[in-house]
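Residues or ranges marked as active site, proton donor by TrEMBL: Glu202. If you look up TrEMBL, you'll see His19, His21, His199, Asp280 marked as Zn(2+) binding site. Residues or ranges marked as substrate binding site by TrEMBL: Asp281. Residues annotated as domain 'Adenosine deaminase' in TrEMBL: 14-334. Here TrEMBL flags His223 as site 'Important for catalytic activity'.
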Amino acid sequence: MDPQTKSQFIKDLPKVELHMHLEGSLEPELMIEIAKRNNVDIPFTSAEQIREASVFTSLQSFLDLYYLGHTVFKTRQDFYDLIWAYFKRVATGNLRHCEIFFEAQEHVNRGVKLEDIVLGLHDACVQAKKEFGITCGLILTLLRHFPPENMMELLKQAVPLKEYIVGIGMSSSEAGCPPSLYVDIFNFAREQGWHVTSHAGEIGPPEYVKDSIELLKIERCDHGIGARTRPDIVKLLAEKEIGVTMCPISNVLLKVTESIPYSPIRQYLDANVKMCFNSDDPSYFGSNYIDENYAAVEKEMGLSVREWVKIVQDAIDMSWAEDDVRGKLQEELDGVKAKYKVKELYGIE
Ligand SMILES: Nc1ncnc2[nH]cnc12
Ligand SMILES: [Zn+2]
């Protein structure tokens, strides 16, 4: 495929995003606007200042700014506006389905009502399906910098809102927070019928990936790149079909990997680990959304057509979408394969 056709082929692929923190899509202009209308003091008066502050030396240096951004949110409308801005942006990049992390624990601990958050987000999801044909699942994401008891309290509060929440995730820094601390939390979440995933092996050691699989029984692994020095754990990911949701631009900007080719993308592809590419916190990482992550991987690594099809197929297979949505995504991927004669020219069914 010539480079121009290849780039169009990658744009045409139906995008499925499984690792995006809603609060990480807060563009600086919207942060300023919501802070003003809610009378929240933040140490910035312009979007430009926030962009200038968005240069990071580590995961923690990012989290410090990121959680400051959380403080502007108060009302149901705020959450609607935040997710709506994401939908509007990604609709232009052919996003078809997403499962989004929302970090209610920060907001509820500040006094915001969980119901306002969930219902504000849900309203926008309904509208996005109508207006853009985008489907969205909401993942209530627990934060490791709060104690497990606080996580459990939030999960219990979320039970009556169960129908609006597709799964439970866990993020924030892994430092000093091994998966073994959260066994009861994940047992409770699974008992409620929620899907479960967790950040593991972003900055944490390989054992955190293994323990998240074996103790927390995660269905997919967010980042998961920390397993790369342990072939036995990479094999476990492949054998148990635990897909990893990779975030290539995030890993480079947070100094987790030296560059995109130095992440384990090639290693995991060759080991037949399921994986997909995602944006993590697009607004804080130079407004690089999922389509820009796809383009960056192609620019740095030049994956084959076969591998690109696998990435999107894996994302569909890893998703927690209902069967009808999954069927529609499959049809769209098959349509792109037919358009580019992928079966005839590249031998992929
Ligand atoms: N990259 C990341 N790692 C852990 N927690 C996060 N929350 C938002 N982005 C995150
Ligand atoms: Zn993340």
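Note: Cβ is positioned from N, Cα and C throughout, glycine not excepted.
TrEMBL annotations: computationally assigned, not manually curated.
Recorded features from TrEMBL, shown on the structure.
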residue	record	Cβ contacts under 8 Å, 6 or more apart
His19	Zn(2+) binding site	Phe101, Asp222, His223, Thr245, Met246, Cys247, Cys276, Asn278, Ser279, Asp280
His21	Zn(2+) binding site	Ile100, Phe101, Phe102, Glu103, Thr141, Ser171, Asp280, Asp281
His199	Zn(2+) binding site	Gly169, Met170, Ser171, Ser172, Glu174, Asp222, His223
Glu202	active site, proton donor	Leu59, Glu174, Asp222, His223, Ile225, Gly226, Asn251, Val256
Fewest other Cβ within 10 angstroms of its own Cβ, chosen from the binding-site residues Asp280, Asp281: Asp281
Those recorded positions in His19, His199, His223, Asp280, Asp281 whose CB falls under 6 A of ligand 1, listed in sequence order: His199, Asp280, Asp281
Mean of pLDDT values spanning the domain 'Adenosine deaminase' (14-334): 98
Cβ packing number for His223 (site 'Important for catalytic activity'), 10 Å threshold: 27
Neighbourhood of ligand 2 - recorded positions from Glu202, His223, Asp280, Asp281 with Cβ under 6 Å: Asp280
